[in-house]
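Some notes on the structure that comes next.
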Amino acid sequence: MTTMPPEMSATTAAPVGSAPSATAHHPAAVGGGMPRPASPAVGSNTTTATATTATRSRFMITDILAGAAAASAAAAAAAAALAAASSGGGRGSPTDSEREQSLVAQHHHHHQQQQQHHHHQQQQQQQQHQQAALQQYIVQQQQLLRFEREREREREREHYRERHSPPGNNPYAHHPMPPHLLAHFPPAHYAVLQQQQQQQQQQQHPHPHHLQLERERLEALHRHGHGLTGDPAQHLSHLSHLSHQQHHPHLHHPMHDERSRSPLMLQQLGGNGGNNNNNNNNSSSASNNNNNNNNSASANSNIISGNSSSSNNNNGSGNGNMLLGGPGSSISGDQASTIDDSDSDDCGGKDDDGDDSMKNGSSANGDSSSHLSLSLSKKQRKARTAFTDHQLQTLEKSFERQKYLSVQDRMELANKLELSDCQVKTWYQNRRTKWKRQTAVGLELLAEAGNYAAFQRLYGGATPYLSAWPYAAAAAAQSPHGATPSAIDIYYRQAAAAAAMQKPSLPASYRMYQSSIPPGMSLPGMPAPPPPGAAPMLSGYYAAAAAAAASAGAQQQQQQPPAASRSPATSQSANSEADCERTSSSSRQRLITPSPPLNPGSPPHRERINEEEDRERDEERDIERERERERERDEDDEEELALEV
């Protein structure tokens, strides 16, 4: 503590309320040990100074005590804060770890919530997209159904008008009547006038689906280079103007251009006898009205001329020729000029012979149901498939193994080659047609060249004379050394042989050995040999031998009676002798050379021929049944493909 001044110490030593005489009687305490002389004046001054000093000292002590208390309180607070800080420092690490753990847990929970929310949003978006796509598909189907119903109704109206209205001039064609006067006319006139009113409404309020179809059609025509009377940009701008009018009904006006009408509206305009020349009839050119006449096959509908009497070529005629492919057609201009060929990839238009089983096209006055079916069957020609070398080699190997594929084999082959089932089927159809043509041409060339040995090898079989016989299938089946050909191969070999021999009325082998038959003798059940020149396809040695045999037969017929006048026993004995001679000669030829003989020998007997004919008929019936089953399977496949499309 600080030292007190002398007067404070004196005041502290003496009581506060002490009498002044006490200080006066002790001069040493006041003077600091130095005695002073006592006088009355000095004593009074000393008493006053002592009282003032005592009062000041009391306040100073109070201040000092208050400051000391404040300092002690501050020290205590600092000590408490230090103690609190030390105790808090001891517990700091577990609090931080717990806080970190809680933060990590909160972050993980928040991340999970975000993921769940995002997944839920994705699911909702997918559901919304699916619902929107489904709604759009339903709307499109409804529009197509509505469009088809409108076309059906229009065709029914056309047929009704064609049956009940006269084909001549219609006096009410150019004069629309108010609705309250329609009841005073016959039903035919009433239908015509009602159709006119519907046309006016459709002209003023075109359907947006019709506008979209027409826009796509014009773009396709412009893209494929078809001639448009006028600038294509004007057509597209006009279509946009009409679509703008469709969205803004207050902009509609009855005197707009008719260039953007759909094929349905053009059919309605061309089929009825209505007032479809109420717009732009005063124009002197044909390009200001109905510029949809881009197809030359349907250029006779709605061409406007300057003369009002011939303002419409189809007025009152009842002939509702629809633009771009007939009344039942729904194809565009570029599709109407193309039809399917044998190399297209469609599966619905070909049978096994490469012929069209669905004939495209429709007549203007046919049945409405047939129009609809033909319009649905008519498709745009697809591009030819570009097969790779590997695909072609695999297809050729498969075709060598079997000429006809089952549905399962065809699907497996298509999956192996990464092709569609339709492409494999079309390739097989075309390849079968080519194979039949090549087989027929090859056999014809062999027959013309006289190479009957190669002809017999092509047929196959162990017995030479039976291999050349048309009924070689049963003989080859009976032969222990020859492989049994399939019924399909037998059928096509015989068909190719018939084509090579120009489809003669006699068996093919009869033409081979007819030159070796003895003169004046005929085979049982067969007519006499034809005159020289009856076998134009034989050449070289065979042609000369046939001519010599025919001339010798004619000379001997003059010397001997005809074979028909002989008795049955004589003819049978002669036949048996000829058979023995021919059998011995054929056996000698087989011993001399291993190649097939040029003269194969006699044909089988009557009983064997009958058996062969019966077996051949049975085989032909089996082949026909198999082909019918194949066609049914193809038709089922086509129906399945049509349903999938």
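Residue positions begin at 1 at the first shown residue.
From the backbone N, Cα and C atoms, a Cβ is placed for every residue, glycine too.
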Phosphoserine per Swiss-Prot (candidates: Ser262, Ser567, Ser595): Ser595
Feature phosphoserine, as given in Swiss-Prot - residue among Ser39, Ser165, Ser602: Ser602
Counts by DSSP class (helix H/G/I, strand E/B, coil) across the compositional bias 'Basic residues' (106-121): 16 helix, 0 strand, 0 coil
Model confidence over the DNA-binding region (380-439), averaged pLDDT: 90
DSSP-derived helix, strand and coil totals, residue by residue, for the DNA-binding region (380-439): 43 helix, 0 strand, 17 coil
